Structures are given as structure tokens and as C-alpha cells.
Amino acid sequence: MRIIGIDPGLARVGYGVIEIENEKKTLLDCGVIETAKENKEEDRLYEIFKDLNELINHWNPNLAAVEKFFFYRSSTTISVVQARGVIMMVLASKKISISEYSPAQIKLTIAGSGKASKGEVLDGVMNALELKKAPKPDDSADALAIALTKLNEEGFN
């Protein structure tokens, strides 16, 4: 079984693909889809659409996990919501089952506390996937934490 975790954003969409076979979790890929801030918003959204489609077609995940968005009073709120809509549309168009998790749920699952620090979550990701080096950038590590939260929900601790 393969799962893709996604940390939504307009400037950077973090992603992480994990395979589980015979109870062993293996990191297949992680990184970010980056869009240039000097580009028009519609072009940035299309870039996310195109690049995420390519990732999905390449890795063919069975499940997807996406971080839930909480509204903050910020100028980026609408842009992030639009990017998240593009992400959800791509996943739905591929008939991939989508689960959503709040940041607190992810932190609780990965680090044992809903108020865990980024460092504690990163340690949990590295331990769960037996990684020697931290995934970079942070958005990709966050996406892996999101994917691991779904795997935990599926019974793969």
C-alpha cells in the first residue's frame, strides 16, 4: 500500500510518499512543489495542479492524507485555501481516498502531544521511517508526518 501525505500551501506544497509492505514502512519520495511568488496566482495554482498530477501518476498512491486548514487572519489565507482546493481536486479526480488531520492530531500521533514542537515531530518521523538524515525542507517532513498519521489510523503503528 502507498500513501501520499500533503502539506498544503501556495508557495510550497510539501509531499511525502510512503510504502508499507509486510509491516515495514519505506520512504519512497519527499519534497516540495514550489511556485514563484512573482508569477500570477492562477499560474501558481496551475503549477501545483500539474506537478501534483505528475507525482500521483508516478507513485500511484492508494491513500492520501492532507493537513486540515485552520483560518488565521492573514493575507495568505485565501491563497492557501485555493491551493488546497486544487490539491483536493487532483486527488478526487484520481479516485484516491482522502483523510484530513488537524495539526494537533498530527502532533499527537507522531510525537505523543498535540502541542509538540516541530523538532519533536521531526524526531517522530525519523524514528518511524528509520531515517538517518532529516527530510528537507520542513514542508516535506510535515507531509511525511501527515502520511504517518493516516498509516497509524489504518493500524500500521
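A Cβ is built for glycine as well, from the same backbone N, Cα and C atoms used for every other residue.
These features come from TrEMBL:
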- D7: active site (ACT_SITE)
- E67: active site (ACT_SITE)
- D139: active site (ACT_SITE)
- D7, D139: Mg(2+) 1 binding site (BINDING)
- E67: Mg(2+) 2 binding site (BINDING)
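Annotated pair E67 (active site) and D7 (active site), C-alpha to C-alpha distance, rounded: 6 Å. Cα-Cα distance from D7 (active site) to D139 (active site): 6 Å (rounded to the nearest whole number). Under a cutoff of 8 A between CB atoms, and with a sequence separation of 6+ in the same chain, the neighbours of D139 (active site) are D7, G9, R12, V13, G14, V32. Following the DSSP three-state reduction, the secondary structure of D139 (active site) is helix. Working note on the active-site residues D7, E67: by count of other C-beta atoms within 10 Å of each C-beta, D7 ranks first. Reduced to three states, the DSSP call for E67 (active site) is strand.
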